[in-house]
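Novice: Pulled from Swiss-Prot, these are the listed features:
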{"type": "SIGNAL", "residues": "1-18", "note": "signal peptide"}
{"type": "TOPO_DOM", "residues": "19-100", "note": "topological domain 'Extracellular'"}
{"type": "CARBOHYD", "residues": "34", "note": "N-linked glycosylation site"}
{"type": "DOMAIN", "residues": "41-81", "note": "domain 'EGF-like'"}
{"type": "DISULFID", "residues": "45-58", "note": "disulfide bond"}
{"type": "DISULFID", "residues": "53-69", "note": "disulfide bond"}
{"type": "DISULFID", "residues": "71-80", "note": "disulfide bond"}
{"type": "CARBOHYD", "residues": "95", "note": "N-linked glycosylation site"}
{"type": "TRANSMEM", "residues": "101-121", "note": "transmembrane segment"}
{"type": "TOPO_DOM", "residues": "122-140", "note": "topological domain 'Cytoplasmic'"}
């Protein structure tokens, strides 16, 4: 029900924006017959909620009975009583990507190890090819 109400509200906003821009659009929206649509989905608590939330706004949700807190930035908890640590806030940022870029020193060490390994392999192959078998050797 709430989703249908939000979709109708969104459609009405789009139609109003077209009407404001001079483009005329004629459409009919279905009427909502449910009486609960007059009550906003979320509303502030009022005087009975003063002091309930320590660092935020006290709200009533239409679908859920009771008071709830909408915490200010940097606070969390049922009554917004806990401070969010700085490191925790950094890790919760959306769309953060961590990429590992090896330092130039590490890259030089790896390239050096590869070059030394190639040199040792070529020396080993060269000496193995040039060795004479024991049977062909002449002892004086």
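Backbone N, Cα and C atoms are what each Cβ position is placed from, and that goes for glycine too.
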Novice: Go ahead and report the DSSP secondary structure tallies for the domain 'EGF-like' (41-81): helix first, then strand, then coil.
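Specialist: Across the domain 'EGF-like' (41-81), the residues distribute as 3 helix, 16 strand, 22 coil.
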Novice: Could you state the whole-number distance in Å separating the C-alpha atoms of residue 58 (disulfide bond) and residue 71 (disulfide bond)?
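Specialist: With distance taken Cα to Cα, residue 71 (disulfide bond) is 9 Å from residue 58 (disulfide bond).
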Novice: A 10 Å Cβ contact count, applied to the disulfide-bonded residues 45, 80: which residue has the minimum?
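Specialist: Least crowded of the disulfide-bonded residues 45, 80, by Cβ count within 10 Å, is 45.
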Novice: When a 10 Å sphere is centred on the Cβ of residue 58 (disulfide bond), how many other Cβ atoms does it contain?
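Specialist: 19, counting other Cβ atoms within 10 Å of residue 58 (disulfide bond).
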Novice: Rank the disulfide-bonded residues 53, 69, 71 by the number of other Cβ atoms within 10 Å of each Cβ, and give the residue at the low end.
Specialist: 71
